[in-house]
Every structure is written in structure tokens, then in C-alpha cells.
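Since the structure comes first, as C-alpha cells, the remarks are kept for the end.
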Amino acid sequence: MKRASAGGSRLLAWVLWLQAWQVAAPCPGACVCYNEPKVTTSCPQQGLQAVPVGIPAASQRIFLHGNRISHVPAASFRACRNLTILWLHSNVLARIDAAAFTGLALLEQLDLSDNAQLRSVDPATFHGLGRLHTLHLDRCGLQELGPGLFRGLAALQYLYLQDNALQALPDDTFRDLGNLTHLFLHGNRISSVPERAFRGLHSLDRLLLHQNRVAHVHPHAFRDLGRLMTLYLFANNLSALPTEALAPLRALQYLRLNDNPWVCDCRARPLWAWLQKFRGSSSEVPCSLPQRLAGRDLKRLAANDLQGCAVATGPYHPIWTGRATDEEPLGLPKCCQPDAADKASVLEPGRPASAGNALKGRVPPGDSPPGNGSGPRHINDSPFGTLPGSAEPPLTAVRPEGSEPPGFPTSGPRRRPGCSRKNRTRSHCRLGQAGSGGGGTGDSEGSGALPSLTCSLTPLGLALVLWTVLGPC
């Protein structure tokens, strides 16, 4: 019995020694290998120029960061079937073969960040990594995301793509990432957010898009983001944001929109109304235009502050000059179109209210102020705001040539003022007519002259005429 137990102890010791030898014996010269807390091969900052040969097959963690590795060949880690963490960040990687990570079905964390020469990744590189939950591709100089790059990464929760040179978000790029909770896209060159950019991200909690060049967001871009709690869009080129894009964000708690060239005119009314109802935490939304509202927070304005339209008259240039954009401007919004609003609110910036600008001086028929009409009219006559009531001359008094409503002559025959018994006596009427030097026209000659003559004579003159005609009594 004792002999059997002694044999078992020797066998157990032999197995333990064999396992230790498998880890320690083949450890590459520049690396340190240890078993606790997990089987680890650690080779950071050793000046390595290639992936070392002879990494223990039992390794669960491999640290190769901070070296001079420029290429990851195919099947470099195929023997490491138990690998869960692989760090290759802060190297000089310029190429990763499509099959570099083949066989790593248990891999959970892959860090490729800080490899500025990488620039592109083969779409098949991450295929087969079904358990991967964290992927670092930040600061890799990436210029595009190839089709199908993240296909099959159903377990991915954290995706770091910040500080690259990405210019676009292709449709359905993240479609398979149904469990993704954090997406970092800040610090790129993205100019627009298309409709299908974030399709399939039903679990997304945090979306960071700040410090890009975003000028347009499609109204349905955030349709699948019902669980999103944090959205950063600050430091972009946004002058307007459709509230249709914000409507699906029912769980949103943190919103940052500052450092954008917001135009606070009639186009901002829907966003203003949405912000009034938003109960989460939001940054200021400083206005860029019109000039009278520059620097003021859109959230703190009144609805009647958002009047008129700031319309560029010359060649288009981006409003915010901090970052150039190749995007073309959209057409006039509905509230700025002539059939939706008075043309007086669609004006050229910088043009004063004067008789030389017929558009500003025009007052539509039936648009007179209530009451007796004696007060000055407040007309939003430029994209830079409403003129005060004390402006001289009042806009309602400006009637430049050609601004009268059609169908009414601008000048006509002048009618001679007549006499009215309401305000004149009979004698005053006679004297006034005689003093006017006029009398009648040619129609008063002949038989019709006597009544006109008698109307214009004094009582003494009338008596003399009657005496001459009838003779002395």
C-alpha cells in the first residue's frame, strides 16, 4: 500500500515538473516566463525587431509591446491555443498578415495601438476571434475600414479607433457587433455620419465622435442606438443637427455639442425645442451666427430669438475654419424657402435696411401690425437679427421703387379737393373756390356759366348783376 502511494506521488511530481519545464525551458532569451497568476511570456521594451521564436505553447498572456517589431507573419501564435491576451502596441508595425492570428479562438484582448505606420488592416485579419471582447486599433494611422473588417466579432465590447486618419464610416461596418458597448472614434477626419454607419449597435452605451470634421448627420444615423447613454459630438463642423437623429436616443444621459459653428436661426428651432425637453446633462451650445447671438448658448435663448436665415451669397466656404471640409452645403431648409416664409427673412448678410434693398423694405399686404398701426414694426430683416423698434427710418415707412403690391398704380391723376359742408361755411366755400383761380372746366361755358358765376360772387356783386338784368324797380 505504501509502495503504491509512493509511486503516485512520484508520478504527480513528474507531471508538475514536466508542465513547469514546458513553460520555463523554451522561454526566449529576451523574455521572462512565469506561471502565476496565468502562464505568461513577457518581452516588453527589449528592442525586438521580430516576433520571438519559441514562445511557450501554454502561454495565456503574451506581452510584446514597446519593441521594434514591423511585421507579424501568418500563424505567428498558432501553437498558443490557450492565449487570451496579446499586446503588440507601441511597435513599428507596418504589416500584419491576414492569417497572423489564426487559431486563437480563445483570444479576448488584442492591443495593436500606437503603430502609426500600419495604415491599413486586411479585412480577414480578425476572422475566427469569436471571443474577442477588447480591440485596440487607436493611433495606427488607419485611413479606412475595409469591408467586413469586424465580421464575426460577436463578443466584442470595446473598440478603440480614435486618433487615426479615418475619413468615412462605410455602411454596415459595425453590423455584427451587437454586444459592443464602447466605440471610440474621436480624433479622426470623419466628415459625415451616414444612415447605416452604426447599424446593428443595439447595445452601444458610449459613442465618442468628437474632434472630427463632421458637418452632416443623417436623420436616421442613430436609429439602432436606443441604449446609448453618452454621445460626444463636440469640436466638429456642425452648424445644424436634425432632431430626428436624436429622437431614438431614449437612454441618453450625457451630450456634448460645444465647439461647433452652430447657426441659431429658424433652422435651430427643432434642436432648441429638443434641448428644452432633454433631462440629461448637456454642454453649452454656443451660437456662431447670426452675429447678434454669437457666443450665446442656444439652450438659453427664447423661441422668438431664432428668426430668419443666414444665407451665404458668395462661393461656399466652411463656417468653421478650424478644419476644412470638402462637403457641399445642403440646399435652403424649408423654413428659409420663399413658399414657407416671408422673403424678408431670407436676406444677404451685411446688407443694411435701406431704400436700395427692395427686399428688406417690402411689407406684404395684410401684414400690418395690430391696433392703429402707429407703432414701429419689428421685422426680422436680416440673418443677423431683428432691428430694434427705434431704428430710423422705420422699416414700415421704407417703400422703395417697385415694392408696392401689384395691381395698384404708383401714381395717377390728381383730384382737385372739393368743398364739404362738414367743415366749411357757404361763404367760405365761395371764397375758397374763387381764390383758387380755377372755377370750372370747358363744360361750364354757355348756359352752365351763370350758376357757377353766382356761386363765386359776393352778395354785393350778385345784387349788381340782378339790377343790370332786371332793371331798376
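Cβ coordinates come from backbone N, Cα and C, glycine included.
The structure displayed is predicted, hence computed values, not measured ones.
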Residue among Asn82, Asn237 with Swiss-Prot annotation N-linked glycosylation site is Asn82
With reference to Swiss-Prot, specify which of the listed residues Cys264, Cys335, Cys336 is paired with Cys287 by a disulfide.
Cys264
Cys33: disulphide-bonded cysteine as recorded in Swiss-Prot, out of Cys27, Cys43:
Cys27
Run through Asn179, Asn380 and tell me the one Swiss-Prot describes as N-linked glycosylation site.
Asn179
Bond partner of Cys335 - disulfide, per Swiss-Prot - picked from Cys266, Cys309:
Cys266
Excluding its own, the Cβ atoms lying within 10 Å of the Cβ of Cys31 (disulfide bond) add up to 21
Disulfide-bonded residues near Cys33 (disulfide bond): from Cys43, Cys266, Cys335, Cα within 10 Å gives Cys43
What is the number of residues in the repeat 'LRR 3' (104-128) that are helix, strand and coil, as DSSP sees it?
0 helix, 3 strand, 22 coil
So which of the disulfide-bonded residues is most packed in, judged by how many other Cβ atoms lie within 10 Å of its Cβ, out of Cys43, Cys266, Cys309?
Cys43
Cβ under 8 Å, sequence separation of at least 6 from the ends of the domain 'LRRNT' (27-54): give me the contacting residues as numbers and ranges.
20, 60-73, 76-77, 82, 84, 87
